[in-house]
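These notes are about the structure you will find just below.
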Amino acid sequence: MDRLTVRDLSPEEKKVLVRVDFNVPIKDGKILDDIRIRSAMPTINYLLQKRAAVILMSHLGRPRGSGFEEKYSLQPVVEVLEGYLGHHVPLAPDCIGEVARQAVAQLSPGRVLILENLRFHRGEEHPEEDPAFAAELSSYGDFYVNDAFGTSHRKHTSVYTVPQAFPGRCAAGLLMEKELEFLGTHLLISPKRPFTAILGGAKVSSKIGVIEALLSQVDNLLLAGGMGYTFLKALGKSVGNSLVEESGIELATRVLQIAKQRNVRIVLPVDAKVAKTCDSGVSWSEVSINQGIPADLEGLDIGTQTIQEFCKIIDASATVFWNGPVGVYEVPPFDQGSMAIANCLARHPSATTVVGGGDAAAVIALAGCSSQVSHVSTGGGASLEFLEKGFLPGTEVLSPTRG
C-alpha cells in the first residue's frame, strides 16, 4: 500500500480526527444493522490504546443541509458505540461552531467524541460553497484518519478537502487498509486464478465502467439480475416482460464483443423463475431461456440450471467477486438464486471471496454467511468505482508512504 496507515502515525496524547461511515439504517430510533459501526472499532480501539483523543465525524442519511434535523441525529449511533466501548461517548450538538470547539478542547487522551451529522451543513457535500467549513473541521486535529471507505468515492469536504490540510499527517484507518488490500491487491493487482466476477442488479449503464475494467482482469463474468435480461435481449432472446434497459442493449453488445476479443467467458442465465408480478405468494414457474419467456411474464430470479452452472464455476475459481443480487431477493422464492450464490461462496474457503457491498452484502448477511467469505466491503458504489479506476478521491489525498 502506497499510503500511510494509522499505524504509521504517532498519535500518543494527540487529537486525531477520524472520518468514519456511520450511515446506518435506522427505524424508530433503533439501528437495524450496525456492521459499519463494528467495522470501525479496530481503528477506534487502536487509537485509544495509543492514548489518542479520538474525534469521530460522519454523515447519516440525506438531511437538507440547513441545520439540525432530529431524525438524522447521530444519537442512536452513540448508544451503540458506548456499548462497544464500555464508557460514555459525548455527542457534540454540532460539528462546527463554539459548541463543537469546546467539546474538542475538553476531550482527554484515551477518550472519544462524536461530532453531530456533517450533512447538517451544505458545506459537507458542496465544499466550494463554504470553505470555512473545511477550515474549522481541519482545526480540530493533529492527525487525520480516513476509515470511511464507503464514502471515499465522493469529493465531499470531510473525505477530500479536510485531509489536504494535514500534509504528511493523514492516513488510512484499519478498515480502509483492509478494503484496499482486498479490492486492490487481491482483485486488481495479483488475483489468484481462475478469477470469476458475478454482477447482478438492474442496469448495464450504471455498471458499464466496472464491467469494462473487469474484462481486463477476469476469466469468467457471470451476469444476471435485470442486466442479465438486457444481455439476453441483445443476443436476440425472448425475455417477455422482464426488466430490460433498452438503452443498454448497445452497451451489452459491445461488452460481448470485447469479452470475445479478450477471451473472457461471459455466462448468462439459461433458465429463469418467472411470474406475472413479484408479489409475495404469486404463482411462478421456471422456463428455459432458449424457449423464451412468455410475453406476459417477467424473469424474477435465475432458475435451477443456472444456479447449478454458476455454482460450478464458482467452485472451480480461486478468486470470486460478487456485486448485485441475481433476483428479487426481498421476495421468496425469488431469493433462491442469490441465496445459493451466497452459500456457494461460503462453502469455498480456499478461494478469495469478496462481496462488493450494497445488496449483495445484504444477501450474505441474510444467509448468515458474512463471516465465511474473505471480505464483505462496506462500500457498494465505492467498491465498484475503485475496481473501475484503481483509486478513489478519498484515498488519493492521503499522505504517501515515506521513502
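Positions of Cβ are set from backbone N, Cα and C atoms, glycine also.
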According to Swiss-Prot, which candidate in ARG154, ARG169, ARG193, ARG254 joins ASP21, PHE22, ASN23, ARG36, HIS59, LEU60, GLY61, ARG62, ARG119 at the substrate site: ARG154
Close in space, distant in sequence - ASP21 (substrate binding site), Cβ under 8 Å, 6 or more apart: ARG36, ALA40, SER58, ASP147, ALA148, PHE149, GLY150, THR151, THR378, GLY379
Candidate binding-site residues ASN23, HIS59, GLY61, ARG119, pick with smallest Cα gap to ASP359 (ATP binding site): ASN23
Taking residues ASP21, PHE22, ASN23, ARG36, HIS59, LEU60, GLY61, ARG62, ARG119, ARG154, which bind substrate in the record, the widest Cα spacing (Å, whole number): 18
Alpha-carbon spacing, GLY61 (substrate binding site) to LYS207 (ATP binding site), which is rounded to whole Å: 24
When distances run from the Cα of GLY299 (ATP binding site) to each of the binding-site residues ASN23, HIS59, ARG119, the nearest one: ASN23
